Every structure is written in structure tokens, then in C-alpha cells.
Amino acid sequence: MSEAAPAAPAAAPPAEKAPAKKKAAKKPAGVRRKASGPPVSELITKAVAASKERSGVSLAALKKALAAAGYDVEKNNSRIKLGLKSLVSKGILVQTKGTGASGSFKLNKKAASGEAKPQAKKAGAAKAKKPAGAAKKPKKATGAATPKKAAKKTPKKAKKPAAAAVTKKVAKSPKKAKVTKPKKVKSASKAVKPKAAKPKVAKAKKVAAKKK
């Protein structure tokens with residue numbers, strides 16, 4: 001009995017490792033699902049657009065085209081039928097023969113042209129936006145030109161005070177010359193007058209003495 005007891009716990013660890021292997025096996029399955037190609041609707045529209053039959057493409061011919069593109073038709077048979085019905089309801093495909101998924105299908109030219117027109121409008125809008133951005137550039141050039149005008153005006157203001165200072169100096173210099181000349185003349189006249197007055201007084205005194 002003592003020998004059989006340790007054997008039971010030794011068998012337990014392999015049972016715990018088994019779930020880890022199952023989890024590792026599940027991960028690749030998830031990766032395969034993500035790596036699936038484009039949706040069925042896109043493949044159907046491409047196959048119908050590639051066909052040159054005027055009456056439309058039958059379901060059998062459609063399946064052959066999808067199988068040639070590498071799509072598993074047998075597993076995704078129900079998806080193909082649902083994709084056809086949804087494309088017909090959206091107006092992308094037109095059913096020329098039969099009802100439901102069984103019949104012939106043709107690409108709707110109006111729907112294809114309607115999809116092309118919005119793309120053309122977007123391209124036209126993008127072109128219209130570009131000239132608006134180009135028109136903004138000249139505004140920057142005018143802004144850069146304004147400092148030049150301001151720089152030209154400043155020297156003119158500096159020249160006017162200099163010219164005014166020159167005229168003031170010219171006007172002041174003649175006034176000084178006029179003031180100095182009369183002063184010299186007055187001093188000369190004052191010096192001459194006393195000399196002339198003294199002899200007259202002396203003559204008068206001599207005449208008075210003679211009369212006595």
C-alpha cells in the first residue's frame with residue numbers, strides 16, 4: 001500500500017500539460033481567419049464586371065469564376081447567395097433572369113457611373129482648394145513690402161529738421177552783424193563831441209573878458 005501511494009501524484013502532471021497544447025493549437029486557427037481575402041461582394045462584382053455576356057452571368061458561371069480566383073465555393077455557397085441578394089437590393093447588380101440567388105446577374109451601369117461621379121467631384125473640390133491656398137501667398141508678399149515703404153519715409157523726416165536748422169543759423173548771423181556795427185559808431189560820436197564843446201566855452205570866456 002505504501003508503494004502505490006506515490007504513483008498517483010506522479011500521473012497527475014501530464015494531465016495538466018495537455019490543456020496548454022490545446023491552447024497553442026487554437027491560436028493558428030485565429031490567425032487564419034484574419035488572413036481571409038476580400039469580402040464575397042467584392043469578388044462577385046469583379047467576376048460580373050469581367051464577364052462579356054450580354055444576358056448576364058449565371059450562378060454556375062459565377063461560382064466557376066470565384067473558384068478560379070481561389071475562393072472556396074463549396075464551403076461558402078450560402079455566403080455567395082447572400083452576397084448576390086444584397087448586391088441586387090443595393091442596386092449594384094441587376095438580375096436579368098430567374099428569382100432570388102438562382103438566375104443571371106449583370107452589373108448596373110447607372111450605379112457604377114454614380115460611384116464614379118462622387119469621386120470626380122471630390123477631385124474637383126481638391127483642385128479648387130489648391131488655388132485658394134495659392135491666392136493666400138501674395139498676401140504675405142504685400143505684408144513684406146510694407147516695411148520697405150516705412151523705411152523710405154523715415155529718411156525724409158530726418159532731412160527736414162536738418163534743413164530747418166540751416167535756415168535758422170543763416171537768419172541769426174545777419175542779426176549779430178547789425179547789432180555790433182551801430183555800437184562802434186556811437187562810441188566814436190561820443191568821443192568827438194566833448195572835444196568840440198571845450199573850445200566853444202573857452203572862446204566865450206575870452207570875449208566876455210575883452211568886453212569888460
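Each Cβ is built from the backbone N, Cα and C atoms, and glycine gets one as well.
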Candidate set LYS110, LYS127, LYS203, residue annotated N6-(2-hydroxyisobutyryl)lysine in Swiss-Prot: LYS110
Annotation N6-crotonyllysine in Swiss-Prot: match it to one of LYS85, LYS175, LYS200, please. LYS85
If one consults Swiss-Prot for N6-(2-hydroxyisobutyryl)lysine across LYS22, LYS109, LYS136, the residue flagged is LYS136
Residue from LYS168, LYS206 to which Swiss-Prot assigns N6-crotonyllysine: LYS168
If you check Swiss-Prot for N6-crotonyllysine, which of LYS139, LYS159, LYS195 comes up? LYS159
Which of the listed positions, LYS46, LYS169, does Swiss-Prot note as N6-(2-hydroxyisobutyryl)lysine? LYS46
From the modified residues ARG54, LYS81, LYS85, pick the residue whose C-alpha lies nearest to the C-alpha of LYS64 (N6-crotonyllysine). LYS81
C-beta crowding around LYS81 (N6-(2-hydroxyisobutyryl)lysine), within 10 angstroms: 15
Give the three-state DSSP assignment (helix, strand or coil) for ARG54 (citrulline). coil
Between ARG54 (citrulline) and LYS85 (N6-crotonyllysine), what is the CA-CA distance rounded to a whole number of Å? 20
Of the residues in the domain 'H15' (36-109), how many are helix, strand and coil by DSSP? 36 helix, 15 strand, 23 coil
If you count other CB atoms within 10 A of each CB, which of ARG54, LYS85 wins among these modified residues? LYS85
